[in-house]
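Read the structure below first, then the notes.
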Amino acid sequence: MATQEQCQVLDQTQVGPRYFKLTLKSLYISTNAEPGQFVNVRVDSGTEPLLRRPISLHKINREDQTFELLYEVLGQGTELLSKVIIGSKLDVLGPLGSGFKFDPEKKIAILVGGGMGVAPLLPLAQQLKTLGGRAVYALAGARDKSCLLCETDFAELANEKVVATDDGSHGRRGYVSDLLLDLLNNTVEARHYPQTTIYACGPKGMLKAVAEIALQRQIDCQVSLEEKMACGVGACLGCAVMTTGGYKTVCKDGPVFNAREISW
Amino acid sequence: MVELAGIKLNNPVLVASGTFGYGKEYADFFDLNKLGGIITKSVTLMAKEGNPPPRIVETPSGMINSIGLQNEGLEAFLKTALPFLAKLEIPAIVNIAGDTVDEYAELAKQLSKEKTVKGIEVNISCPNVKKGGMAFGIDPATTKEVIGAVRKATTLPVIAKLSPNVTDITLTAKAAESSGANAISLINTVVAMAIDIETRRSRIGRKTGGLSGPAIRPIAVRMVHEASRAVKIPIIGIGGIVTGSDAIEFFLAGASAVEVGTANFVDTAAPLRILAEINAYLAKHEISDYDELIGAFKE
Ligand SMILES: Cc1cc2nc3c(=O)[nH]c(=O)nc-3n(C[C@H](O)[C@H](O)[C@H](O)COP(=O)(O)OP(=O)(O)OC[C@H]3O[C@@H](n4cnc5c(N)ncnc54)[C@H](O)[C@@H]3O)c2cc1C
Ligand SMILES: Cc1cc2nc3c(=O)[nH]c(=O)nc-3n(C[C@H](O)[C@H](O)[C@H](O)COP(=O)(O)O)c2cc1C
Ligand code: FES
């Protein structure tokens, strides 16, 4: 179930060169949202831009009935979003989509985030911690130091956190998929692969690399995909992604899919 | 109560094919029984996989789509979508599309057996399929063939959905009327294209798509006006309707009802808000019934 609601803006903070964190109030969304789900935000009350912008739920605070979005300013829509002032209202549709799944048999969780892809992994890390009984590894990659997000948050929630930057300005130099290979070769033993789930979100190329690594080792892998969206509720079929079972909608069947299902 | 081509509607605001799924997708957001009626996503005889992504791109005050009539086919529609529509109190109008004239006729025949189906909207105007679709609706002769065949196959009200991608809309409108359509609806999307200047590729997987949203409204208003002068059967106006004022513009141009499309994506409450805004306009101008507006445009 989802709602369309005018949510009060409680906070808007710039957290990096083009990164912002937005805190919104909604009893319904904060109560019902699951990690991996998203909201579809109307950034302008007119027709320019016309369509809503999908943004992942980054923090879900049930106690104070709020949720947070972490986003990067890329174009007109996110630019307008970054101008939204505290105290105003924002038209939000959500919570939408099908989020991350949890299997009690899986005692090891490896979170792999590339760039903005860390956004939905944080509530996931929170949830995994609450569920307990798991070793949680958080791997994050970014272009450079200034683009690396949520490092301290992950440090608090995960048993181990490793970061990489493309240019080596912070953490290891290289890609987050290199970190994953390292972890699988050196830390998580092969006999534990059947009890492991890899959760990944980030650019398509990165997800493909992570999926390959996971599939080669027969490790369960869930990926969160992105596609251009219009309705966000499964009505327009605009956000199609090819799977082994034909086209599926990223907004409703996803955004989280089993990596095995996707026709990479 | 409004009567449109023999279909009883609570009000003249319906939702357009392909923008409202089969209704269920929007049931979370408001009481669907408050709509004038639901026009379903196009149903084809056999399942259609749809077009390769990207299927949508946003453009100024509009969007281009190339969905390619993705749907699970008639059999699955009857099994999974129709039972939900049957539980609603409002009329379900099923939009059909085919690759051949026979397919349209077969769809109409099968659907006529279903109590829930109160009318058939014939999509001869989809720009996103290789065969059939718009190819039928841009030529008055093939328009006649398809609508004539559907007419023979059913006693249900038949609505011919026309394409704006023609030089003279009055020709296809008249062809639909003379072959037995009870109403016409227009417009479907306008063939369009957008190019990514960095990759030099189309921003739509299948190169071209159909433009919808406020960007096409003036085209739609003009075509409704022209068609309404050419035929006697009622016209359902479609194209970029976002507010009550937009709907009233269509009534004045000659539409007896309207369908709300792309606006559903932007505001899930759009159809009900539009209805409230129409009523507010009527109250303000002390007009007792909206039908006084139909075709009241002053030359
Ligand atoms: C399910 C889902 C969850 C998402 N979660 C988040 C999130 O938590 N935080 C966040 O910042 N973004 C997220 N996004 C992406 C976000 O929706 C887009 O960045 C946003 O819509 C861009 O809108 P815009 O008007 O600012 O840019 P546009 O004007 O639409 O685009 C500006 C430029 O950015 C490029 N661009 C647009 N979208 C993307 C993209 N997804 N990835 C890379 N380049 C892109 C365009 O090609 C163009 O060159 C998510 C997308 C989906 C589908
Ligand atoms: C994503 C999308 C899918 C559509 N699918 C169909 C369809 O299956 N059959 C059809 O007759 N029209 C389809 N249409 C056309 C709409 O019903 C409508 O005629 C058109 O979008 C113009 O109205 P609007 O500007 O209010 O959206 C589709 C439109 C969109 C945007
Ligand atoms: S965005 Fe409309 S179906 Fe996914």
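The backbone N, Cα and C atoms fix where each Cβ goes, glycine too.
Annotation source TrEMBL lists FAD binding site at A:Arg53, A:Pro54, A:Ile55, A:Ser56, A:Gly77, A:Thr78. Counting only residues at least six positions away in the same chain, the Cβ atoms of A:Gly36, A:Gln37, A:Phe38, A:Leu69, A:Leu70, A:Ala119, A:Pro120, A:Cys201, A:Ser224, A:Pro255 sit under 8 Å from the Cβ of A:Ser56 (FAD binding site).
Per TrEMBL, the feature [2Fe-2S] cluster binding site maps to A:Cys231, A:Cys236, A:Cys239, A:Cys251. DSSP assigns A:Cys236 ([2Fe-2S] cluster binding site) to coil, not to a helix or a strand. Around the Cβ of A:Cys236 ([2Fe-2S] cluster binding site), 28 further Cβ atoms fall within 10 Å across all displayed protein chains.
Per TrEMBL, the feature domain 'FAD-binding FR-type' maps to A:2-102.
In the three-state DSSP classification, A:Cys231 ([2Fe-2S] cluster binding site) falls within coil. Taking A:Pro54, A:Gly77, A:Thr78 as the binding-site residues under consideration, the smallest Cα distance to A:Cys239 ([2Fe-2S] cluster binding site) is found for A:Pro54. Checking the binding-site residues A:Ser56, A:Thr78, A:Cys231 against chain B with a Cβ-Cβ cut-off under 8 Å leaves A:Cys231, in sequence order.
In the three-state DSSP scheme, A:Ser56 (FAD binding site) falls into the strand class. Taking A:Ile55, A:Thr78, A:Cys231 as the candidate binding-site residues, the subset whose CB lies under 6 angstroms from any atom of ligand 1 consists of A:Ile55, A:Thr78. Considering only the binding-site residues A:Cys231, A:Cys236, A:Cys251, A:Ile55 (FAD binding site) has A:Cys251 as its nearest partner by CA-CA distance.
Mean per-residue pLDDT, taken over the domain 'FAD-binding FR-type' (A:2-102), amounts to 96.
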